[in-house]
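OK, TrEMBL features for this one:
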DOMAIN    31-474  domain 'Major facilitator superfamily (MFS) profile'
REGION    502-529  region 'Disordered'
TRANSMEM  21-42  transmembrane segment
TRANSMEM  79-100  transmembrane segment
TRANSMEM  112-133  transmembrane segment
TRANSMEM  139-160  transmembrane segment
TRANSMEM  172-190  transmembrane segment
TRANSMEM  202-223  transmembrane segment
TRANSMEM  288-309  transmembrane segment
TRANSMEM  324-346  transmembrane segment
TRANSMEM  353-375  transmembrane segment
TRANSMEM  381-408  transmembrane segment
TRANSMEM  420-441  transmembrane segment
TRANSMEM  447-470  transmembrane segment
């Protein structure tokens, strides 16, 4: 009877430990500061070109006329504008490709800090382009800003996934998506006619980019580097212990240190995995495919098309030109609220329901939007239904597909594979982004109101794939997630470990010794994964 009571007491204690999650001040500040100077700027640069589009095109035409003595034709102007919008993604692709050696050499935190050099340079080029009379400066600034975004959208989720306890890994990972939404909303607010949405003030929209960059540069140096990076790649136990203490808000981090050191002992002779090595590793084959599918759908599902060409879509819906900036503002507000909601419920509902449900809702509202836009001239209230559908599509996207792909990429792979995985994810992300930005105007011109059915089809394909392939990763360690994919990858758990850690294997005696030691200690180990 006494043993039973003790057993129940231990179970209750373990449950209490599991429920207790330390949101330390350093953890909160690191996530907010990192996101403000990174994913915030990505979202801001998605929407900031929308409000001053008319004035920028006029600037292009005047510059062309001053140089060559005649006005630019409509098709060339459309091409120049499409390049200005979509070239941001080419820069993002470059940033995604170069991020792996940068995070390896400088670390996650220092990469975020150094990345602000690109942001400040881009801000100066774009904000001074009107004064210099050079639209090439604006285009070049967009490329450089894209490089900044490409690096930050890989380095930031990597940093957040490595500093967060697994119990809040999803919620903290959603900070990336939440600040993307806040950035979009901020770009819309500053683009209002009462602020910077005027012909003489549009350069200030690009100059404002400097502010988040400077704030990040000032605050980040006082925060720790990723403890997992310090232990597994720099082998600096003392600094890693200090980082754990600050991020977890407690002095005793022996459990966390020992857990990561166990992985470090296994990976001691394992170098950083290259993209080719990762693609050849059978044990993570379906994880890679899943990352490619989720990142591809993240961009190709049609939301960026709505952001890039919101004014045109609302104009087609029958909204007056003077009202459009304020209606557009509502889209950013809805996006932000939906992303915050997702961050609050992701650890309760899980990744899988939010992703599949989000894509499913987008299919429904894209279909209704197509019907509404097609018949809007026959019924006077249909334009308002179109607006509702656009807001519903945005909310559906932000509930799941808008942020979870970044979380999954950090969860699927071990430390040595993570940079290569983020490079693959970033490459798919930015190539898809470029394709949408460049091709959507022509798709819209060719298919008219039926163009959104293309995106509905992509959402359906993504939802179907995730339904059959994606396991739930909520509160699971890397090894548990790997085991969930083992059958589909057609490998045993032992083969998985050989693939993950080819350089060194523990003997059965060592494993038994470790197990006995942990049982003797009578402690439950819980840490950052």
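From the backbone N, Cα and C atoms, a Cβ is placed for every residue, glycine too.
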Run the contact check on the transmembrane segment (112-133) against the transmembrane segment (202-223): 3 or more C-beta pairs under 8 Å, excluding pairs closer than 6 in sequence.
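These two segments touch.
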List, by number or range, the same-chain residues at least 6 past the transmembrane segment (420-441) whose CB is under 8 A from its CB atoms?
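Apart from its flanks, the transmembrane segment (420-441) reaches 78, 82-83, 85-86, 88-90, 92-93, 95-97, 99-100, 146, 150, 153-154, 157-158, 272-275, 277-279, 287-288, 291-292, 295-296, 298-300, 302, 304-305, 308-309, 405-406, 409-410, 412-413, 451.
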Would you call the transmembrane segment (172-190) and the transmembrane segment (353-375) in contact, using three or more Cβ pairs under 8 Å, pairs 6 or more apart in sequence?
no
